[in-house]
Amino acid sequence: MWSWLLILYTVYVPIFSCLWIVEMGFVLFYRKEFSSSYYFFFVLCGALSLINELVINFGTRLPLFPEVNSFFGTISWIQHGPFPTLLYAVGHFFGGAHETVNILTSINRATAIMIPQSHDKIWKYGIPISCVIVIIVGVAGSWHLFDSTAIFFPFLFDGEVYFTMFQGYNKHPEISDTRNAVIVALVSPSISVPLYAIAICFLRKKWKIKLIRTEFSLLLLGLSSVILSLPIAFHQLYAYIRGKSLTQNEIMTLYRMLPWLFDLRFFSPTVLVLITDSKMRRKLAALFVFRNKRSQFRHNRTVTTITSSVVRR
């Protein structure tokens, strides 16, 4: 018997994942309408969010439910070996890359508001440079994990078996992956939020410029996404500070909080873009209108065919 929480996850995670894919598809297909350099980072954020969700679901969410996590103990290559090691390392790589995209997005929005006349010139070269920066930061926070060892370790809590993924043998003990994750999670908002705040201050002087009003909605989208990612940063900081002093109940509580905090972090832009961006709303509405018209056309054609057949008889 599945718990209601597990059923809820199996419903909304695919829905929001599909919404991410649809919104990224709009940006890629209608490039002329979504021409702002911001949308490059939107698509990049979406791709990284989906990859992170895949890693989090397998590495954190499934081990959380005894109804479905038995295969972590019955299949040896899942519990230990290259698979959990790769999953652990990839999770840190794409997690750091995602936070880097948040910083780059805030810089992109700040230049759009503060120096709109040079914005396009800056990001003509800034986008390829940004791609290199994202890869470098991702590698810097995860390179030491690929040749170490991670495992899914079972533990009992209230009579149920749970699995948690953690680093087993570390070939680089001088590097703390937990500390690196906390630093990245805190550096991202500490840079992004001030940049957004400065950009908002500039709006007071330049609000009459049409470009500024157009870019303001994207600024709100980026700022909201960063603010909604703060809970996971504070969660990681709390766990790192408390460290080994955490009780078993506290560990389990934090462990259960992880999945929905990550969902808030990675899925929030899909809803926020519909709230702040009218172009995205129109494209999504047009998609359903097109489907309704297509269905109506098929219905009318079927009725016409049947009517013609009856008349011939």
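Quick reminder: no glycine exception, Cβ is built from N, Cα and C everywhere.
Caution: TrEMBL annotation is automatic and unverified by curators.
The feature transmembrane segment is assigned by TrEMBL to 6-30, 37-56, 86-104, 125-146, 181-204, 216-237, 257-275.
Contacts between the transmembrane segment (37-56) and the transmembrane segment (181-204): absent, as fewer than 3 C-beta pairs lie under 8 angstroms at sequence separation of six or more. Cβ atoms under 8 Å from those of the transmembrane segment (181-204) belong to residues 92, 95-96, 99-100, 102-103, 105-107, 109-110, 112-114, 137, 141, 212, 216, 219, 222-223, 226-227, 229-230, 232-233, 236-237, 240 of the same chain, restricted to positions at least 6 beyond its ends. By the count of Cβ pairs under 8 Å, the stretch nearest in packing to the transmembrane segment (86-104) among 6-30, 125-146, 216-237 is 125-146. Same-chain residues lying 6+ beyond the ends of the transmembrane segment (125-146) with a Cβ under 8 Å from its Cβ atoms: 37, 40-41, 44, 85-86, 88-90, 92-97, 99-101, 104, 108, 167, 170-172, 175, 177, 180-181, 184.
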